[in-house]
Amino acid sequence: MTRFSLTVLAVLAACFGSNIRPNVATLEPKTVCYYESWVHWRQGEGKMDPEDIDTSLCTHIVYSYFGIDAATHEIKLLDEYLMKDLHDMEHFTQHKGNAKAMIAVGGSTMSDQFSKTAAVEHYRETFVVSTVDLMTRYGFDGVMIDWSGMQAKDSDNFIKLLDKFDEKFAHTSFVMGVTLPATIASYDNYNIPAISNYVDFMNVLSLDYTGSWAHTVGHASPFPEQLKTLEAYHKRGAPRHKMVMAVPFYARTWILEKMNKQDIGDKASGPGPRGQFTQTDGFLSYNELCVQIQAETNAFTITRDHDNTAIYAVYVHSNHAEWISFEDRHTLGEKAKNITQQGYAGMSVYTLSNEDVHGVCGDKNPLLHAIQSNYYHGVVTEPTVVTLPPVTHTTEHVTDIPGVFHCHEEGFFRDKTYCATYYECKKGDFGLEKTVHHCANHLQAFDEVSRTCIDHTKIPGC
């Protein structure tokens, strides 16, 4: 939690009796790492426990999620056997290192209960006191309020709830954070200037702009859209240095309607199949995806989109193709560098269990390393190089699909149909990656010899 000097604190306490957070920038970028307690129950490499967290790569680790008891309005353990009886919360705080250990209350199903609790003074008091008691008992350093789906009618009560936390946090070092949605319709439900005064940081859920619920494929978290969301909150009064940008450590996946229609905006017939660990349609954790790519490299075409700081893969089977939007260490490193340069507070990651925490594809935590190595004050460094183990390719080799360009070697190659389009093929973490480029206009064509765009009449067939 950001603090004034002792003198200023004394003046504020005398004048206001408040713990309101100042709007001054902090020096260290934040990496807010969300940990889902239920991943303890997964099997194999998908299982994760607090001891598996590398807290040197996170400034804040967030234990999620807690609820609110509908009858008593006290904070509620959602898995009491794991959290309490198996001492999972204690293990979490005991292994926090130098990171701030926080709890997250709420989530996608808690909006109605938040509304009821925040509406009554006595309920607010009960909830906040029970939360502070739990944090103190188990050694937590702060709380994230994730009131998803908050309505405009709840705006004033949300501020009253934050004010109650502020009152109980007085003379402590507890950290206060809130999560804000990325949906345009929700922006004005939040009194952003007031919220900014009460919190140390705001976690903006700048992810899942599309997914398998849509009938066309696209980047799930394109950087321009993420920045647009952050700027929308900034225009409404949120200081940049108090906003962290959420990034996914998972992929959104689709089944393509036609195998030879693989571009952004092409139609999908449904969600991609479930992963081994996460067991969710249209969703793969990074550690599920990297294992799959390494096992069947020849079946994947990976395309990098520099304009959107994005990457996607097409995985071709014998009878269908999957379209996979994901993040890698290069996209995350570039985003970390750019948001730091623009004055934002850092990133939040969703979630640690989706990272390669066990190093099944190479070095441990490649995505977190990429973020941290590109953060500080816009200083550009190369992302940490991940050493990948030798890959044993399957004997299956996917036949090129007519109308779809595939990289077979490094270099620059003109499209066979549209001469003004060309492809750059270069080695990446998982084999050859393709980047699509276009000449300035349709009267030009790409010359593979000079590697420049020239008059199309000078190239036979163009």
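Note: Cβ is positioned from N, Cα and C throughout, glycine not excepted.
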According to Swiss-Prot, the cysteine among Cys425, Cys439 that forms a disulfide bond with Cys453 is Cys439
Cys439 (disulfide bond), Cβ-centred 10 Å count of other Cβ atoms over all protein chains shown, is 20
Cβ atoms other than its own within 10 Å of the Cβ of Cys58 (disulfide bond), all chains, total 28
If you tally other C-beta atoms within 10 angstroms for each of the disulfide-bonded residues Cys33, Cys453, the top scorer is Cys33
For Asn338 (N-linked glycosylation site), the same-chain residues 6+ apart in sequence with C-beta under 8 angstroms from its C-beta are Phe223, Thr309
What DSSP gives for Cys439 (disulfide bond), in three states, is coil
CA pair Cys453 (disulfide bond) / Cys33 (disulfide bond), Å rounded to integer, equals 45
